[in-house]
Amino acid sequence: MTSKLAALDRWVNDVAATTRPATIHWCDGSDTEYQALVQQMLQTGDLIELNQQTHPGCYLHRSNPSDVARVEHLTFVCTEHEEDAGPNNHWMAPADAHAKIDALFEGCMEGRTMYVIPYCMGPIDSPLSRCGVEITDSPYVVANMRTMTRMGAASLTRIEREGRFVKGLHSTGELDPERRFIMHFPEELTIKSYGSGYGGNALLGKKCHALRIASFQARREGWLAEHMLIVGIENPQGKTHYVAAAFPSACGKTNLAMLIPPEGYRQNGWRVWTVGDDICWMHPGEDGRLYAINPEAGFFGVAPGTSEKSNPNALTSISHDTIFTNVAVTADNQPWWEGLPGTPVTDWQGRPYDPANGPAAHPNSRFTVSAKQCPTWSPKAEEAQGVPISAIVFGGRRPSLLPLVMEARDWAHGVLMGAAMGSETTAAATGAVGVLRRDSMAMKPFCGYHYGDYFTHWLSFDKPGAKLPKIFHVNWFRKGKDGKFLWPGFGENLRVIEWMIDRVDGKARGVETPIGTLPAAGELKLDGLALSRDTMAELLDLDTSGWQTELHAIGEYLDSFGNRLPSRLRQEQLRVHQALHTPLKAANA
Ligand code: GTP
Ligand code: SPV
Ligand code: MN
């Protein structure tokens, strides 16, 4: 099969001439095609069948132990001018990058099948959606792309009609970390990825296209491509507010997107609707509000910690037709990870489980599942115009200082809160875990251009006629002196979201402080929670001298973006800094 688009055919032929596959398969996205791929992968050992009585349609994939997470040090943004990639990205000149990676692609598919995957990010009929084509030699990538995107015939038709698509070329190569690169050419709408078969490195529709390339396009075109979940919160009166939240990798997006209300809330009629768990594209609508779509069609979620207690919706979603990557297995061949009941017998590398080797499931082990399998999947997630956003939330893993929740006084202050975000690193990327780093808007690994320009772009949404969402910052991860989390988190987070919605609806007063508006005494509904008054006080405590130090550090961080930093943001930092040096009474006067 060839397409009705000459540019696409030409590119596929060029790639085939370089990579020299034995055959070329154009993916149609059908069930038959998926089943055939699964059978083939079962034979080659790429997939291992799990217990089909307890987990029908579920399979395990064990990736190479050296290939278990995103590789930020091998990920490049290759713009013509180095300055445009910014200090937040690794940069390589486009010509050098092409030469380097094309040499690796030379003959790399010999004797094997090359798959051509047409895909659409976002509802197939939405004007906000964007298409791409990924060429890969990995059937595992094909199977995952089928779940994570709208893949196949309908996407190809749209691509042929529009004549425009992002080109993504991928090969698993030798899985040699010395021969591994994830290259982005935003000016050419091109991605080239070699030497990894894992998640964000290989499923090119996800982080490479929907964040790095899309953020670059969004800046030029006046919209936002963000590392955010989208969730609908329906109150007992039947009114739904949509909230978008940016937390860094493995910091709670999937959990918040699928939240189950605490018992009392459920009885009162609160409901939660999942629209997205990782990526959010937001466009200003004619009424001045921001409208969001989830460009993805599935979840590539963190397995460890997912349990009946923490995220029952995820557990239900993954009870059938799911691909598990790098989890452990029980004696009766069920998938297992830390946080689940039962005992593992085989670890993620296929060895007999031995605690001396570390966790049984890899800390970044994941499940791939269609969003349609989620019990709280929102019918609005398929709507072409997206959902209106009432609140934007930023947050990270901050063991101290950052309160449970605070609200920005206005858009510019909110952009500062997002820019200043910090979080402890997690297993989602290779490298040290638990190190505090700045991760503006949770986009440090994903912003496809200079962070200074990105902050300017964020600020530009504040213009006459705009009805922008309120901006909040949360911290579910503050720890007490005993090193334990102070806040119970998960479903209980709805209590904090209810306060935000009350603020949006003008129903909560809040208390103004130099760092933002905090809940006034009694405004957070805590009934049914065994949380001491002292703990609550600690969660909302404002440590003025700690914040003065923090604002100083934020100033230094902002300065690292040089003359591309919008002066408006530095002014905002100075304003908060000064407010912290003004006696409280005067600040509130
Ligand atoms: P990516 O898919 O990597 O972008 O991450 P994510 O933000 O979707 O992460 P996810 O929701 O899967 O959360 C990962 C980890 O955070 C798991 O270990 C969860 O148990 C933990 N977590 C999520 N929500 C909470 C919370 O409210 N409190 C605490 N203490 N932990 C949480
Ligand atoms: C993340 O790391 O933020 C993920 C997983 O969502 S990956 O697709 O591997 O980037
Ligand atoms: Mn993510």
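Including glycine, each Cβ sits where the backbone N, Cα and C put it.
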Quick one: which of ARG70, ARG112, ARG478 does TrEMBL put in the substrate site with TYR198, GLY199, GLY200, SER249, ASN364, SER365, ARG366? ARG70
Identity of the GTP-site residue among ARG219, ARG220, ARG397, ARG509 (reference: ALA250, CYS251, GLY252, LYS253, THR254, ASN255, ARG366, PHE490, GLY491, GLU492, ASN493, source: TrEMBL): ARG397
Distance check, please: Cα of LYS207 (Mn(2+) binding site) against Cα of GLU492 (GTP binding site), rounded to an integer number of angstrom. 29
Average the pLDDT scores across the domain 'Phosphoenolpyruvate carboxykinase C-terminal P-loop' (223-576) and report the rounded value. 97
Among the GTP-binding set ALA250, CYS251, GLY252, LYS253, THR254, ASN255, ARG366, ARG397, PHE490, GLY491, GLU492, ASN493, as the record gives it, the longest Cα-Cα distance in Å: 24
Around the Cβ of ARG366 (substrate binding site), other Cβ atoms found within 10 Å total 30
Those residues of the chain, 6+ apart, with a Cβ under 8 Å from that of THR254 (GTP binding site): LEU229, ASP277, ASP278, PHE299, GLY301, VAL302, ASN311, ALA314
Spatial hits near ASN364 (substrate binding site) (Cα distance within 10 Å) out of the binding-site residues GLY252, PHE490, GLU492 come to none
